[in-house]
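One structure is given below, encoded as structure tokens.
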């Protein structure tokens, strides 16, 4: 496979003869200066192929024209061993990556080179440039369809749109990656579509675990994995979301298939852009981010659209540094999404998984015209009950729940039961917990929440509602608990 890499990353042979040839004049980490003595300079965002002594080409992307004969480029792999004077060939266009059916079940890097020790890609595999304009506005789909996930708290409070963008915001260790994995599982179970996963700046161990899990679960044959991991240069982490999006666009445009695009983690894309900006000598903006932060985020997000009746649905994990939701990177990403799923560290500490905050999370789809009046009403009542409970928590911690009025005690009891009912075991965690995953239809979620709000479960143990699927399952658990109690406990005092 190694011998095939230069051919995969090089431009078409017939164009190579006319492309300018240059030489490396300076190497500063991932930043390379290249001089071209003759011919026109490569354009901004064009690819360069640099020949190295070990025979493995380095792909770089032009970022600036320094003078009439020199460009500054950003390397997409390590420049260790690169020397001044190394020959450089301009590719004549942006980086192109392989797309199509041959990519299903494969793991590739930012330049499209397979990294799964599999067979080489077949000759004639189509290629597309990673820099593309969004589809014309007139061709973009405007119909709103709900993307049912089977996850109760998401379907109830932050419904996702098929063809829309949803982001999962949370700090370290609150369950973002597990939630993304469960959504991949839901896509395979519920929708006959393609999944494209972009691993952006995450740990190599997590990437290997995901590849292994997908092989064992049977998900891999309908999935493309695109990795730019934590140990790779910032240029690779900066461009890998565009590679994944290009693969997804091909299935949407040419194969007319619905695509689920998952990115973990979009914050690392922004972080890599900040590194690149610093390497290129640009003045930083707020909190040290690149001055082009909003432009870079928009350039990625505005390409994620539906065309006609074929959709690209994006689910993005977003790391929140120091749990600060006012961070410029977080706010820039949030401006582009339809649904904000906020993961709470305090809920994770209480074991309320998925640790989704029902108050801070929101969705533009939670509208009676989209989800229906009954759904919207139940969601509002659930939020109102949980919010009232939170307002009383300080009083409860100081004086105890017994000091509350009868109405407040009733609301607190129902809010606690709602919080527990909205937890559920996931299929992707079954190997660790031993509890089979549950996928719950929206109708069952609404029926369960309505019953709790109406007081039908006021005399139930809270534990009966914890980590279940439907209310029927909770009812069986409650009945089993009551049957297991000694007779004396049932007797009147």
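Glycine is treated like the rest: Cβ placed from N, Cα and C.
Sequence-distant neighbours of the region 'Disordered' (113-138) (same chain, 6+ residues past either end, Cβ-Cβ under 8 Å): 1, 4-5, 8-9, 45, 93-100, 102-103, 106-107, 211, 225, 227, 239, 242-243, 245-246, 249-250, 254, 302-303, 305, 307. Summarising the annotation, Swiss-Prot assigns region 'Disordered' to 113-138.
The ATP binding site annotation in Swiss-Prot covers 170, 171, 172, 173, 174, 175, 176, 177. For residue 175 (ATP binding site), other Cβ atoms within 10 Å of its Cβ number 21.
Within 8 Å of the centroid of the Cβ atoms of 170, 171, 172, 173, 174, 175, 176, 177, where the record puts ATP, the same chain has further Cβ atoms from 319, 343, 348. According to its DSSP assignment, residue 174 (ATP binding site) is coil. Cβ neighbour count for residue 170 (ATP binding site): 24 (other Cβ atoms within 10 Å of its Cβ, all protein chains included). Of the listed binding-site residues, namely 172, 174, the sparsest Cβ surroundings within 10 Å are found at 172.
Each of the binding-site residues 171, 173 was scored by the number of other CB atoms within 10 Å of its CB, and the largest score is that of 171. Between the binding-site residues 176, 177, the minimum number of other C-beta atoms within 10 Å of a residue's C-beta occurs at 177.
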